[in-house]
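Chemist: Sharing the feature lines straight out of Swiss-Prot:
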- 182-195: compositional bias 'Acidic residues' (COMPBIAS)
- 196-222: compositional bias 'Basic and acidic residues' (COMPBIAS)
- 345-357: compositional bias 'Basic residues' (COMPBIAS)
- 374-385: compositional bias 'Basic and acidic residues' (COMPBIAS)
- 503-605: domain 'CXC' (DOMAIN)
- 612-727: domain 'SET' (DOMAIN)
- Ser75: O-linked glycosylation site (CARBOHYD)
- Ser21: phosphoserine (MOD_RES)
- Ser76: phosphoserine (MOD_RES)
- Thr339: phosphothreonine (MOD_RES)
- Thr345: phosphothreonine (MOD_RES)
- Ser363: phosphoserine (MOD_RES)
- Ser366: phosphoserine (MOD_RES)
- Thr367: phosphothreonine (MOD_RES)
- Thr487: phosphothreonine (MOD_RES)
- 1-340: region 'Interaction with DNMT1, DNMT3A and DNMT3B' (REGION)
- 180-222: region 'Disordered' (REGION)
- 329-522: region 'Interaction with CDYL' (REGION)
- 340-426: region 'Disordered' (REGION)
Amino acid sequence: MGQTGKKSEKGPVCWRKRVKSEYMRLRQLKRFRRADEVKSMFSSNRQKILERTEILNQEWKQRRIQPVHILTSVSSLRGTRECSVTSDLDFPTQVIPLKTLNAVASVPIMYSWSPLQQNFMVEDETVLHNIPYMGDEVLDQDGTFIEELIKNYDGKVHGDRECGFINDEIFVELVNALGQYNDDDDDDDGDDPEEREEKQKDLEDHRDDKESRPPRKFPSDKIFEAISSMFPDKGTAEELKEKYKELTEQQLPGALPPECTPNIDGPNAKSVQREQSLHSFHTLFCRRCFKYDCFLHPFHATPNAYKRKNTETALDNKPCGPQCYQHLEGAKEFAAALTAERIKTPPKRPGGRRRGRLPNNSSRPSTPTINVLESKDTDSDREAGTETGGENNDKEEEEKKDETSSSSEANSRCQTPIKMKPNIEPPENVEWSGAEASMFRVLIGTYYDNFCAIARLIGTKTCRQVYEFRVKESSIIAPAPAEDVDTPPRKKKRKHRLWAAHCRKIQLKKDGSSNHVYNYQPCDHPRQPCDSSCPCVIAQNFCEKFCQCSSECQNRFPGCRCKAQCNTKQCPCYLAVRECDPDLCLTCGAADHWDSKNVSCKNCSIQRGSKKHLLLAPSDVAGWGIFIKDPVQKNEFISEYCGEIISQDEADRRGKVYDKYMCSFLFNLNNDFVVDATRKGNKIRFANHSVNPNCYAKVMMVNGDHRIGIFAKRAIQTGEELFFDYRYSQADALKYVGIEREMEIP
C-alpha cells in the first residue's frame, strides 16, 4: 500500500516533468526551424538582389551619359547667391545658385489617433502591450514607475513568452509527443540513470516514426491535466481536451461546422426551422441601435413582446387573380379562424437572450412536420425556442420525431385551431425544395395569413400552393402573437395627476442621485413588476423602451408632451438630463422626419448628429486647439465628445501613463465607464481647458446610452477657440495647462 501511494503521488509530478521537457524540446525545434527559414529567405533575397544589380549594370553600360550643363554666372537670378565649386584637378569650376530658406516655426506635437463619429466600446487590456518611453527625466524622477506599471497588469507584458507561450500548433504537437509515453511509466524517476538514458534514446530513435503516423488512440486524460497544471491560463483539462478534438478533427473540404446552416440560395439548402434560419440575424442584430454586430452594446436586449401603439398599414387581402387561393372553398374561413385565434391567444413573455451558439440538436435537418418556433410579436422577428409537441398518434410523426430540432412543450396548445373544410378541387402535388420551405417558415411569422404576399416574396410558388402548404403544416406551426386589447382610456384629470406625480418623481430622482449615475441595462424579469429587485430600480435608472416590463410600469419613462422647443425645465426630458425619444415624444417634433433640418425640438441634437463645423489649428494656450467656423448661440449644441468606452479600472491603468505624459483625454461617462479619446476620437478632443470656458460638457441619456455633449456656454463668434472646464484641481491645472487664455468680453 505504501508503494502504491508513493507511486500515485509521483505520477502527476512525473507528467509535469514530461510536459516541461517536451515543451522545451518543441520550442527549440521551432526556433531552429525559424532560423533555417530566415537563412533560406535571406539567401534567396540576396540572390535576387545580385541578379537585379547585374541587370541594371548591363543597362547602364548601354546608355549614353549626357554631361551636366555648368553654369558660369547666376547674377541674373534674383534673391540668390553664387556658389562656386573648385577642384585642384583639371576639372572646370562649377557655379550653382544658393537659395536661403527662412526659418519656419514647427507645428505642435500630435500623437497618432483614429477619427470616430460615435463611441466605441473596447475590452479591458489585461496585458501591457508596450512599455512606454517617458524620457530620461521622468525615469530619473520616478525610477519605480515602470515597475509599478507592470504590476498593474499582473506582470503580463506583450512579447514575454518565456515558458508561457503556447499556440495551437505547439499544443497539438505537445499532446502528440506526450502520447508516446505509457501510463505505466509514471515511476521512471525510480529507475537508474542508465535505464532512464536508454529509454530516452529509444524514444528519440522512434519519435520521428511515431510522429509521422496518426495517433492510434485518443491521448490519456493525464496528459491534459499535466498541460493544464503547467499552463493554467489556457483552460481546464476538459477544455483542453475539447480543444484538441476540434484541432485534430479531419473535415472534408468545404464542410460546414455542425451548428452552421447551408446557404439558403445555395445548392445544398436544407429545410430547417425558422429559428435556425434566422439564428445569425437574431444573434448579431442589436435592437438598441438597429445595427448588425454593433460595437457599443455587448449584450443584446431581448425584443419587446408588446406591440407598438402606433397604427400599422393594413395589408390588402383582395384576391390577387382568378387562380387566387381565396376562391377555394373554406379558404376565407380558414384565414378568419387564424385571425380569431390570434386575438384570443394570450401573449407569452420571453426570456432573456445573449449571443451564443445554436443548440447541438438544432443543426439537424427538419421536415414539414416539425414545430416552428413561436412568434412573439409583429414588431420584430424574435427568436424563441422551437417546440415539439405532445402526443401524436401519426406513424409518420413518430418516425420523424428524432429528426426534429425542436424541444418540448407548446405544441399541446399549437394544434390545428380549426378543422379545414374539404376543398372541391384536390390539392396540387407540388414538391417544395429546402430553400422554399425554409423561406416559407420565415415569412409566415411576419405575414401570417396573407399567402398572396408570401407567394410574391418566394417567387417560385403560387398563393394557392403556399396556402395548401400552410394547411399541411397547420398542426405544427405556432399561432401568431396575440394582438393587444386596448385598455379603456383614463379620465383626463386622472391622467394629468399621474403625469404631474411622474414629473415630481423625476426631480426627486435627479436631486437624490446626482453623484451616482450608473450604466443602463434593460431589465428582463418576465411576469414580475419593477420593484426593489429590478436592475433598473437598483441602479436608480428609469425603465426604457428596451425593457421587458409592462408599458404601464411605474418606473418606465413615458417621454414628454411638450409643444415647444424642449429647452427649459418645463420639459420632463430636459429636467431629467435626457434627450427626447422619437418613439415616446410624439408632439414636440423629435419624431419628425430624420432629414428635416428645421426641427422644432431642440433636445435631440446628439442623436441626430447636428454638430457644428470645427477647425483644427495651433492653439495660443497649449498644443493644438479647436476653433468654431460659424457663430453659435448660447446653449446650442456644438459636438459630441467621442472615443473609446472603457471601464473605470482600465481608465485607472491608462491614466497613470497619461499623467506622466501630462496629456489626458479621459472623460467620466458614469460610475461604470469612461470615454477615452486618446487613441480614437473626434476633433472636439483638441478643445483645451480653461477656468473661464466658453463651452460646457453635459452627460445625457440618449435612447438608453449615456453620451457626452459639448454646448455653448455663451454666444461664440466665428473663429473663436473652444474651451471647457476639465474640472482639474488647482495644482493639476497649473501642471497640465500652464497658460490661461485672456478674458474675452462676451
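Glycine is treated like the rest: Cβ placed from N, Cα and C.
Remember, it's a predicted structure, so these values are computed and weren't measured experimentally.
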Chemist: Tell me, how many other CB atoms lie within 10 A of the CB of Ser21 (phosphoserine), whichever protein chain they belong to?
Modeler: 13
Chemist: Count the residues of the domain 'CXC' (503-605) that DSSP assigns to helix (H, G, I), to strand (E, B) and to coil, and report the three numbers in that order.
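Modeler: Helix, strand and coil residues of the domain 'CXC' (503-605) number 19 helix, 3 strand, 81 coil.
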Chemist: For the domain 'SET' (612-727), DSSP counts of helix, strand and coil?
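Modeler: Its residues fall into 18 helix, 54 strand, 44 coil.
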Chemist: Which whole-number mean pLDDT does the model give the region 'Interaction with CDYL' (329-522)?
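Modeler: The answer is 57, the mean pLDDT of the model over that range.
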